[in-house]
Amino acid sequence: MMADLPIGFWSGWIVVLTCVSLSTLAWVVLSVYFSSPDVKTGDADAHEPVWDGDLREGSSAPPLWWFWMLLGAMVFSLAYLMLYPGLGSFEGLLNWSQGKRLVSSYENYEASFDTRRAEIANLSLAEVQADPVLMATADRIFRRECSACHGIDGRGQASLFPNLMDTDWQWGGSPEQIEQTLRGGRNANMPAWGPIIGEEKTRDVARYLLDFSNREHSGRSVYEQSCAACHGAEGAGNVFLGAPNLADNIWLYGGDIDSILTTLQEGRLGKMPAFDDRRLDATQLKLIIAKLAK
């Protein structure tokens, strides 16, 4: 939304300052070119500086083309101020503004793409994925909206943002589940277990997660008591809770012993913002879903 034109005191201030500036410029130009030359007396000539014997300071007017250039600039300025906003709250005779131009351009853009949007809406996800032009568009939307967190290649980064190019989906990887994630966002919460079960048991669980197939591990009993409710007895996770799979050796926050200990002891908070219709329209969402579900 464009800013409103100034009103009240500031509108008057702009009008006065602009008019005074133009009037002063006009007076200076006219006085230089059309004022009567000074008549010098003999005494004045006698005291006039002379260089190199015969070089005297003259009083010739500047070149006449300067006058026409300045006159043209002043005429252009006056015409512009009459036609376009510039004099305080006066909107100009053409009633033009950047805001109106933006709205008009956006309406023209929307109208030109309505037919194409309707065509895309009628395509199946497989048909969208098979169209190289549409997938190139999906790539551009992804780079613009998603790459800041998930990386330009979608493989995640900074041990904070998940890889979107693998098959490991914390909240489910079906097209419907991906759409729900994009439209509504996600809030993940891994509670801090350090204060609850103590440091020794936390370390036992961390070691067990790195050796998940070892059923005799001392950390398994602690896992079953404290972790299995969300992540499952076999560590497969729960997409309805956003509890990740712990048995596939894919770790969002790092899979070394220190990173796992930090996760268990201090917990983790993850937030995926909502990309609903306020940020992406239905067509753009469909293209992103097609890219991620491919």
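Even glycines carry a Cβ here, placed using N, Cα and C.
Database features (TrEMBL):
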TRANSMEM  12-34  transmembrane segment
TRANSMEM  65-84  transmembrane segment
DOMAIN    133-213  domain 'Cytochrome c'
BINDING   Cys146, Cys149, His150, Met272  heme c 1 binding site
BINDING   Met190, Cys227, Cys230, His231  heme c 2 binding site
DOMAIN    214-294  domain 'Cytochrome c'
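Residues 6, 61-62, 64, 67, 70-71, 74, 77-78, 81, 86-88, 90 of the same chain, all 6+ positions outside the transmembrane segment (12-34), place their C-beta atoms under 8 angstroms from a C-beta of that stretch. Among the binding-site residues listed here, namely Met190, Cys227, His231, Met190 has its C-alpha nearest to that of Met272 (heme c 1 binding site).
Spatial neighbours are here defined as Cα atoms within 10 angstroms of one another, and by that definition His150 (heme c 1 binding site) has no neighbours among the binding-site residues Met190, Cys230, His231. In the structure as shown, the Cβ atom of Met272 (heme c 1 binding site) sits within 10 Å of 18 other Cβ atoms. Residues of the domain 'Cytochrome c' (214-294) grouped by DSSP class, helix first, strand second and coil last, total 32 helix, 7 strand, 42 coil. Remark: His231 (heme c 2 binding site) has Gly237, Asn238, Ala243, Pro244, Asn245, Leu246 as non-local neighbours, by Cβ distance under 8 Å and separation of at least 6 in sequence.
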